[in-house]
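Visitor: The structure under discussion is supplied below as structure tokens; questions concerning it will follow.
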Amino acid sequence: MVENQRAMPQPEMRRIRRIHFVGIGGVGMCGIAEVLLNLGYEVSGSDLKGSAVTERLESFGAQIFVGHRAENTVGADVLVVSSAVNTSNPEVATALERRIPVVPRAEMLAELMRYRHGIAVAGTHGKTTTTSLIASVFAAGGLDPTFVIGGRLNAAGTNAQLGTSRYLIAEADESDASFLHLQPLVAVVTNIDADHMATYEGDFNKLKKTFVEFLHNLPFYGLAVMCIDDPVVREILPLVKRPTLTYGFSESADIRAINVRQDGMLTFFTVLRRDREPLDVSVNMPGNHNVLNSLATIAIATDEGVSDEAIVQGLSGFQGVGRRFQVYGELPVEGGNVMLVDDYGHHPREVSAVISAVRGGWPDRRLVMVYQPHRFSRTRDLYDDFVQVLADANVLLLMEVYPAGEEPIPGADSRNLCHSIRQRGQLDPIYIERGVELAPLVKPLLRAGDILLCQGAGDIGGLAPQLLKSPLFAGAKAAPTEGKLK
């Protein structure tokens with residue numbers, strides 16, 4: 001029987017009244033700020049420009065500053081910063097001079113988690129979707145979890161929500177190794193891949209050891225939920241000296257999926273659990289990678305005593321996450337329509353998973369892909385992998401690399417990617433120079449029934465809504481808006 005609606009303990013941050021966020025509009029920062037606002041703390045924050053996110057926080061009572069200035073820190077008891085902010089920032093420099101504590105966002109998240117039943121989701125890919133699925137299933141089970149997610153949960157219309165139960169569900173970010181601040185009771189590792197390697201001095205073994213260290217932050221009575229299908233997770237499994245529960249397609253998994261069938265956006269499968277009856281479920285997301293994300297959720301929900309009925313309901317009613325295979329609507333073309341999809345994937349493994357999902361759900365449709373590589377360093381380090389997976393589209397348009405603050409690296413750009421893909425002989429990609437309007441380029445390439453995928457972690461996120469509103473696609477139909485998480 002699930003323990004329901006236990007009063008959530010408040011963080012005991014003595015002497016802390018006003019909390020200032022440097023870069024409050026960031027996806028990892030705004031959620032924590034929103035939870036703290038709802039807990040009754042005074043919250044202020046600065047960012048280089050205003051956004052819908054900062055407007056939302058302002059409507060909840062946050063004081064928002066546009067631009068970083070020393071005077072923004074007046075009255076702050078602590079500064080919260082992301083890994084992108086350094087000591088040259090005038091607000092950080094002023095705080096250090098005045099002996100105001102400056103803490104990374106993960107340390108503040110750890111403080112919120114300290115007095116709760118923390119569930120932390122780690123892994124190179126799938127963190128946001130898995131965290132969102134867990135929150136949705138717990139909500140369906142009558143629990144009211146607090147969650148902090150790295151994407152917008154469509155059913156809630158936000159990436160964070162303060163609940164009344166003891167559960168706090170959050171992403172654990174390995175990109176800067178800040179997940180080592182967290183001390184959850186349950187931890188998920190979805191997979192381990194070569195990404196953000198600068199943090200680990202280019203040493204993959206160091207990355208693996210850091211994941212083991214993260215899992216050893218669990219208490220001896222905690223639980224590590226691990227995807228046994230991932231070869232690196234399988235490699236570190238014997239090193240984890242905590243209780244473990246494995247999931248995957250493998251016959252050796254504790255929680256296993258069989259009979260997977262995909263029909264468009266819907267994926268159906270049967271779950272096998274030790275000493276339990278088989279459970280038939282469906283999830284409103286395509287692809288085997290989302291079956292794995294669902295299995296992690298089922299493993300945790302089962303262990304926490306959530307009923308099978310709530311698990312089935314939470315998965316089938318899941319409305320997705322912003323920019324994770326998000327269907328924006330339909331674009332009219334001669335003879336019919338094109339399905340417009342936006343996706344955040346920016347690693348070859350993520351790109352491959354999405355392409356496989358399209359092929360599985362819509363096997364007779366062409367995939368027209370607009371892709372924007374993210375970071376020159378990632379493009380350089382994974383160049384051959386990008387060439388291989390991007391060549392699997394039917395039509396490919398490559399935007400220039402989104403730098404994310406990096407300087408260009410010779411050879412690690414979209415022109416060279418186009419050249420290398422063209423040499424494979426599978427398709428002839430189109431290079432898109434920065435600043436070129438995309439709608440006139442894309443429209444002549446589309447046919448009725450196509451799937452148009454806009455993918456990447458940079459400013460390509462604004463392309464799908466732009467196409468939907470373009471006069472060249474007059475009569476475009478937007479997808480239904482989200483509901484509320486209950």
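The backbone N, Cα and C atoms fix where each Cβ goes, glycine too.
Straight out of Swiss-Prot:
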- Gly123, Thr124, His125, Gly126, Lys127, Thr128, Thr129: ATP binding site (BINDING)
Visitor: Would you please pick out, from the binding-site residues Thr124, Thr129, the one with the fewest other Cβ atoms within 10 Å of its Cβ?
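Guide: Least crowded of the binding-site residues Thr124, Thr129, by Cβ count within 10 Å, is Thr124.
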Visitor: When neighbour density is defined as the number of other C-beta atoms within 10 angstroms of a residue's C-beta, which of the binding-site residues His125, Lys127 has the lowest density?
Guide: His125
Visitor: So for Gly123 (ATP binding site), how many other CB atoms are inside 10 Å of its CB?
Guide: 24
Visitor: Sorted by position, what residues of the same chain at least six away from Thr128 (ATP binding site) have a C-beta under 8 A from it?
Guide: Ile149, Gly150, Gly151, Glu171, Val321, Arg324, Tyr344
Visitor: Ten-angstrom check, please: count other Cβ atoms within 10 Å of the Cβ of Gly126 (ATP binding site), all chains counted.
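Guide: Gly126 (ATP binding site): 24 neighbouring Cβ atoms within 10 Å.
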